[in-house]
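Please find one structure pasted underneath; my questions will follow.
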Amino acid sequence: MQSNAALEYDYTVAKMFTYVTILFGFLGMLVGTILALQLAFPELNYLIGEYGTFSRLRPVHTNTVIFGFTVSGVFATWYYFAQRVLKVSMAESRFLMILGKAHFWVYFIGALIATITLVFGISAGKEYAQYEWWIDIVIVIIWLMWGVSIFGIIGIRREKVLYVSIWYYLACFLGIAMLYLFNNMSIPTYFMTDGLGSINHSVSMYAGTNDALVQWWYGHNAVAFGFTVPIVGMIYYFLPKESGQAIYSYKLSLLSFWGLMFVYLWAGSHHLLWSTVPDWMQTMGSAFSIVLILPSWGSAINMLLTMKGEWNQLAENPLIKFMVIASTFYMLSTIEGPIQAIKSVNAIAHFTDWIPGHVHDGVLGWVVFMTMAALFHMAPRMWKREIYSKKLMGIQFWMQTTAVVLYFTSMWVAGITQGMMWRAVDEYGNLVYSFIDTVTVLHPYYVIRGVSGVLYLTGFILFAYNMYKTITAGRELTEEPQFKTPMA
Amino acid sequence: MFFHWLEKNPFYFAVLISIVISFAGLLEIVPNFAQAARPLTTETPKTVLELAGKNLYVKDNCIACHSQMIRPFKSETDRYGKYSLSGEYAYDRPFLWGSKRTGPDLHRVGNYRTTDWHENHMLNPPAIVPGSIMPAYKHMFTNLADIETAYAEAVTVKNAFFTPYGPEFKKTRAAWEAHRPKVLADAKKIADDMKSEDVKKAVANGQVPEIVAMIAYLNSLK
């Protein structure tokens, strides 16, 4: 077994997931941009009949970017870095190779079918959990395949100590499994009767306020374990690898990880402030949201301090730029969230555009930036070619950074304007504005958001093009780059 | 040190993560479960036609823009009516509170909008509310509502969750056929208040266009 020869890692599965990350990223962002433009120009609702309305397309957007782009990005990076930090190649196990490929194909075909069902309105109705019962079963199978894959490769590892990134991916696996299972518990009506009605339809196991609690325990923490946990795992691996710097503090990693694990789950009820959920739960949600700043900023500061004394890299290497700004947006987003979770602030912010504004500085600025940086870092090592164009990467960076800033600033203004107008009263205590006044006033901000969407999407197309050219036409490398990713 | 040992033992690592992340759910969700599920004594479950409308509300994803949650603020009770109570939602599966108000709240829309208003509005929202950015839902006038699935849902929640539907709700096809005229009679009441001849004709032929179920549902929100 023991050999001193350098390991050749096998990136077959990582490459497959890389392609679909780019594909789903493009599709998800394309639909997102269309949605943004529909709010500014409602005529765009009628492009493809009943299938193209804002309401029908929104779940297509959210599910494609969450379960399409982000999740396949998580899989792609997992199949890349897990081998490297565990010091074992996928090629060493026939079982793991076959499982990895099967995992990919079941996932890819499943994702396509799932997306089509949403377009046709086959929906269980809960946000980010719209998939009907039989798709849920397919998703559970996909997730279990990944689980076997994770524990399989961990089982044959040479490096005994699990690196921080592995902790985060393990937590992602376990957290999403628990949340998804409980939230999607439902009963298919077809089987509870003598085959009456549609086989697709199901009813939730929970009703009303209970359903809301379970849903936002899920909804908030799907964000936690999908958009935060694995992305933090990514940056813990890719930032040191790209910069050649060791992580600043082990203790801070430890504190942030276990802190995040414990605190995050409590915060879900901040989505239900002022609702019919009992008051003590709302207060718990608020309080834990504030506490959540600690582990979130703990990770982000750990990343920024990793660059201590090496800030010149920021000017020289656009990938460092991507990762540093991703950490920065993560800090912004994780201070903004707790502010919105304060009950008095939430009274104004809830139901307004400030909420999508908050979501998007997190996902566009943090999740997508970090995922793209990871794929850029992986490409020269997987395909043994130099990055096609550094200049293009720089253009993309500024385009998308501008887009993110336009997005959240316009939505801050829109959200607070709307929240204030809803509650405005004259000197006799009568409402000043009818609802439609609070809609028409948002038009300019919706236009700005549309522009931001077009810019961001264009940036993503540049990314896809740069990746494509790297894979097909980048200058070939004779040996693997140690740290800084080579680019032309 | 404990953590150094833990980081070499993936199994125990995973076990500890699972324990730590389960805490919040156990303490925050479980204790209130039975109590929050209690319906108000005045609350009756939706009719089959209204359930079919609720399923269309889900299918066309109205919650993308409309909430059903009136918060206890004067500005909201002035605008939408009495603030929402937990017991009013006890039969809602799924809950449809929504999280965004691009359009107004609908929890008590049945108190202040009529069948006629909805019919005109769904065909062309900006014609009724100038400046509206809501899309028209013309396809609801031609697509047919799935009332059989709605009936299956009523039977399912009756048997699984003891939702108080009458003894005539049975899981057999014969029971459904027996109930069907009741649904059509409800649909006719809505269609009578509408002006679309095509809709009236469809209902007379024993079909229920989506718009009829949708309006029945919206009217039931009080």
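Glycine is treated like the rest: Cβ placed from N, Cα and C.
TrEMBL lists A:HIS61, A:HIS360 with the feature heme b 1; low-spin binding site. As annotated by TrEMBL, Cu cation binding site applies to A:HIS220, A:HIS270, A:HIS271. TrEMBL lists A:HIS358 with the feature heme b 2; high-spin binding site. Marked as domain 'Cytochrome oxidase subunit I profile' by TrEMBL: A:13-488. The transmembrane segment annotation in TrEMBL covers A:16-40, A:60-81, A:102-122, A:134-154, A:161-182, A:216-239, A:246-267, A:287-307, A:319-342, A:362-383, A:404-425, A:445-465.
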By CA-CA distance, flag whichever of A:HIS220, A:HIS270, A:HIS271 among the binding-site residues is nearest to A:HIS360 (heme b 1; low-spin binding site).
A:HIS220
By a Cβ-Cβ criterion of under 8 Å, what residues six or more beyond either terminus of the transmembrane segment (A:287-307) are in contact with it?
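For the transmembrane segment (A:287-307), the nonlocal Cβ contacts are 228, 232, 235-236, 239-240, 243, 245-249, 252-253, 255-257, 259-260, 263-264, 266-267, 270, 313-314, 320, 323-324, 327-328, 330-331, 334-335, 337-338, 341-342.
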When you look at the transmembrane segment (A:161-182) alongside the transmembrane segment (A:102-122), do they share 3+ Cβ pairs under 8 Å, ignoring any pair fewer than 6 residues apart in sequence?
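Between the transmembrane segment (A:161-182) and the transmembrane segment (A:102-122), which are separate recorded stretches, there is no contact, as judged by 3 or more close Cβ pairs.
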Sequence order please: the binding-site residues A:HIS61, A:HIS220, A:HIS270, A:HIS271, A:HIS358, A:HIS360 that have their Cβ under 8 Å from a chain B Cβ, otherwise just none.
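Filtering A:HIS61, A:HIS220, A:HIS270, A:HIS271, A:HIS358, A:HIS360 for a Cβ under 8 Å from chain B leaves A:HIS271.
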For the transmembrane segment (A:362-383), could you work out the same-chain residues 6 or more beyond its ends whose Cβ comes under 8 Å from its Cβ atoms?
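Result: 11, 14-15, 18, 21-22, 25, 65, 69-70, 73, 76-77, 80, 223, 227, 231, 234-235, 238, 241-242, 319, 322-323, 325-330, 332-334, 337, 393, 400-401, 403-404, 407, 456, 460, 463, 466-467, 470-471, 474, 477, 480-481, 485-486.
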Can we call the transmembrane segment (A:216-239) and the transmembrane segment (A:319-342) in contact, meaning three or more C-beta pairs below 8 angstroms at a sequence separation of 6+?
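By the criterion, they touch.
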Restricting to the chain of A:HIS358 (heme b 2; high-spin binding site) and a gap of 6 or more, list residues whose Cβ falls under 8 Å of its Cβ, or answer none.
A:SER333, A:GLU336, A:GLY337, A:GLN340, A:PHE408, A:MET411
For the transmembrane segment (A:404-425), give me same-chain residues lying six or more residues beyond its boundaries with a C-beta closer than 8 angstroms to one of its C-beta atoms, as numbers and ranges.
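Distant contacts of the transmembrane segment (A:404-425): 329, 347-358, 360-361, 364-365, 431-433, 437-438, 441-442, 445-446, 448-449, 451-453, 455-456.
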Given the binding-site residues A:HIS61, A:HIS220, A:HIS270, A:HIS271, A:HIS360, and counting only Cβ atoms in the protein chains shown, which has the most within 10 Å of its Cβ?
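Counting Cβ neighbours within 10 Å, the top one is A:HIS270.
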